[in-house]
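Colleague: The structure's right below; bear with me while I get my questions together.
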Amino acid sequence: MSRISVSAPRIFDGLRWHEGRALLIENGRIAALLPPEDLPSGIAHTHIDDGMIVPGFVDLQVNGAGGVLFNEDRTVAGLEQLCAANFQFGTTALLPTLVTDTRGVTREALDAGVSAQAQGVKGLAGLHIEGPHLSVARKGAHNPDFIRPMAEDDLEALIAARRGLDTLLTTVAVESVGPDQIARLVQAGITVSLGHTDTAAAGAVMAFGAGATMVTHLFNAMSQLGNREPGLVGAALATGVWAGLIADGIHVDATTIGVALRAKKGPGRIFLVSDAMSPMGTDMTGFQLNGREIVRANGALRLADGTLAGADLTMIAAVRYMHRTIGLPLDEVLKMAGLYPAQAVRRADTLGHLQPGADASLVHLSDGLDVEGVWVDGEKMVG
């Protein structure tokens, strides 16, 4: 049995703060949270003198990182590089995300994800397939040439891939995917999220009734809240579904974020996503998606016409923004980066917290919220 321990002035276990405690880690899992003097003798121990230990972040929307764009590199090696590039920013579990593409590319991405999980790629929690079954009216940076209704073979490919993935999340629009199809996906264990849709609130509520439990990047690429038509934004805020949020100060205004947080009280909550692209963790100034040039400048990624194309964001940067600019208590922000996304995809048994039985994926943060160290499944990866 592999046994180590880590202690710090403060430890956030995903629900509450503890002082003067240590984490006992056995075989890559949290075994106990206890006073340091109660640790078993003879085990390797790391004591952190300052800052805090918090659960590793869980990011459900990562299109690329470390120079790798999932749409362009659909290999196990590419996924390994993409996942590893996130560790330095505190993300220890993520869903590599494929945006709208051809049937062939989508199948290759699903196959790569299944193979990567079978080979134990660290940090890989599953996949997110965002499109191609969206609405052209709310396409954002997705290539409209590839957007289409969901056919039977598309549905069957997702169901087949789910058998080899711990988590499969797919973003769809009600214009392209019917309630019966949503119900079949959910029955197969796939998490269905609504996004890139111009639906009225009634259509969204119908999709929620069929089993959709989430909306993708709240406020962006969706029908907005109006005085007579609530749209998807209104339906998401008024119901118990989960909602991802790109908290970079560009995608959604700070005042709007504050209103949404006050309006949405659960059971599904708002959680943080990076929506990162290949430049994350690099000095790249641009890249291509489906043959279109995307420029990185002024904290944003944009197509030539100015359309936002993903985000120039990391999870730790989103945490800082929510705490410093929005003013949320740090414990709530940490839940938005860990526990809530884990709950949203039914993975909170092992992800998003540091209670006994959880994966020993943890982050050492300085008091200034800089990432100083990262462990994934009990193995030190950063610091």
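Glycine residues also receive a Cβ, built from the backbone N, Cα and C atoms like all the rest.
Because TrEMBL annotations are produced automatically, they should be read as predictions rather than curated entries.
Look at TrEMBL and you will find D275 tagged as active site, proton donor/acceptor. Here TrEMBL flags E130, H196, H217 as Zn(2+) binding site. According to TrEMBL, the feature substrate binding site maps to A141, N220, A221, R228, H251, L308, A309, G310. The domain 'Amidohydrolase-related' annotation in TrEMBL covers 52-379.
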Colleague: Just the number: how many Å between the Cα atoms of H217 (Zn(2+) binding site) and L308 (substrate binding site)?
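Modeller: The separation of the Cα atoms works out to 12 Å.
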Colleague: List the recorded positions among E130, H196, D275 whose C-alpha is within 10 Å of the C-alpha of G310 (substrate binding site), in sequence order, or say none.
Modeller: D275
Colleague: I need the CA-to-CA distance for H251 (substrate binding site) versus D275 (active site, proton donor/acceptor), whole Å please.
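Modeller: Rounded to the nearest whole number, the Cα-Cα distance is 11 Å.
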Colleague: By the DSSP assignment reduced to helix, strand and coil, which category contains E130 (Zn(2+) binding site)?
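Modeller: Going by the DSSP assignment, E130 (Zn(2+) binding site) falls within a strand, counted as strand.
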Colleague: Quick one: of the recorded positions A141, N220, A221, D275, L308, which has its CA closest to the CA of H196 (Zn(2+) binding site)?
Modeller: A221
Colleague: Identify all same-chain residues not among E130, H196, H217 whose C-beta atom falls within 8 angstroms of the centroid of the Zn(2+) site's C-beta atoms; report them in sequence order.
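Modeller: Going along the sequence, the neighbours come out as Q61, V99, G131, L134, G140, H142, T171, S193, G195, T216, N220, A221.
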Colleague: Given the model, what does the mean pLDDT over the domain 'Amidohydrolase-related' (52-379) come out as?
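Modeller: Averaging the confidence scores along the domain 'Amidohydrolase-related' (52-379) gives 98.
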Colleague: How big is the Cα-to-Cα gap, in Å, between N220 (substrate binding site) and E130 (Zn(2+) binding site)?
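Modeller: E130 (Zn(2+) binding site) has its Cα 14 Å from the Cα of N220 (substrate binding site).
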Colleague: Give me the count of other Cβ atoms within 10 A of the Cβ belonging to H217 (Zn(2+) binding site).
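Modeller: Within a 10 Å radius of the Cβ of H217 (Zn(2+) binding site) lie 25 other Cβ atoms.
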Colleague: Between the binding-site residues R228, H251, where is the Cβ count within 10 Å the lowest?
Modeller: R228
Colleague: Would you mind reading off the Cα separation of E130 (Zn(2+) binding site) from the residue listed as 'active site, proton donor/acceptor', to the nearest angstrom?
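Modeller: Each residue's Cα considered, E130 (Zn(2+) binding site) and the residue listed as 'active site, proton donor/acceptor' end up 11 Å apart.
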Colleague: Taking just the CA atoms, what is the gap between R228 (substrate binding site) and the residue listed as 'active site, proton donor/acceptor' in Å?
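Modeller: The Cα atom of R228 (substrate binding site) is 31 Å away from the Cα atom of the residue listed as 'active site, proton donor/acceptor'.
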